[in-house]
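As written in TrEMBL, here are the features:
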- 4-87: repeat 'Solcar' (REPEAT)
- 95-206: repeat 'Solcar' (REPEAT)
- 215-304: repeat 'Solcar' (REPEAT)
- 284-307: transmembrane segment (TRANSMEM)
Amino acid sequence: SLPAKLINGGIAGLIGVTCVFPIDLAKTRLQNQQNGQRMYTSMSDCLIKTIRSEGYFGMYRGAAVNLTLVTPEKAIKLAANDFFRHHLSKDGKKLTLLREMLAGCGAGTCQVIVTTPMEMLKIQLQDAGRIAAQKKLMAAQAQLSSSAAGAAEPAVETRTTATQITRELLRSKGIAGLYKGLGATLLRDVPFSIVYFPLFANLNKLGQKDPNVKAPFYVSFLSGCVAGSTAAVAVNPCDVIKTRLQSLQRGVNEDTYSGILDCTKKIWQKEGPMAFLKGAYCRALVIAPLFGIAQVVYFIGIAEFLLDMLPKHRA
């Protein structure tokens, strides 16, 4: 049933995000740093420096936004894919690869309604620590090189919340402010779903002894991990562009971008083609367990069990 699909998608998203959010934070910070202003050399270096400067919970900056909105996002994505697969199938016959890709395309398009504002707010909060650390470092270097007495103290970081950012964007730009980077989000999520869903479905079928019987949970988990990481790496260049376009605050001497083409051109010219793979292994590490967990929860059908228990409990 649709309610069961929505609940399963929501539970899957909550569990997955809680497990992998620190890696996602590292991915955002690695993707946003530009040449000449590098604060982190790797994922582990980013996480260690984050803990030292911001504490353990610094790794979860922006998690509240994700945990709030990931339920409708994952619910829409998984339920939409099932909806399109059902309507694209002819008399219950096996879907062709093209129809599987079309179903994934439809799911990816539907999810951006929630994904774009969620990513927009999450990125601001995740990257705030990097920008603050960079400014402190620049201020400290300026103080050391300056011989003037009574040099100004480095500015203290003022933490903003998702609510404050939302209010400011709505006040200054309206609802369109929350959908900054919509085109880049579509450019990432539609190809991701086109790759992920058909790949998962076909890998999962390999573990089915009978077409009418669900594959074991470990097969669904491994299929979700492999399909998720493959799709994540495939669309990582689009994710780098999306992250850069959605960042409202820039570090010292960092470029700003007017659109997808301008962003692509500047990254290619100033940072080289390998810059489009920034954070790729982090993204693979995030997406693999996230979708592995999501598919296990979704296919086990926790929601069906809960919904079945409600009438019994009332009785």
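Here the Cβ of each residue, glycine as well, is placed from N, Cα and C on the backbone.
Across all of the repeat 'Solcar' (215-304), the predicted model scores a mean pLDDT of 86. Secondary structure of the repeat 'Solcar' (4-87), assigned with DSSP and counted as helix (H, G, I), strand (E, B) and coil, comes to 71 helix, 0 strand, 13 coil. Broken down by DSSP into helix, strand and coil, the repeat 'Solcar' (95-206) contains 91 helix, 0 strand, 21 coil. Per DSSP, the repeat 'Solcar' (215-304) is made up of 70 helix, 0 strand, 20 coil.
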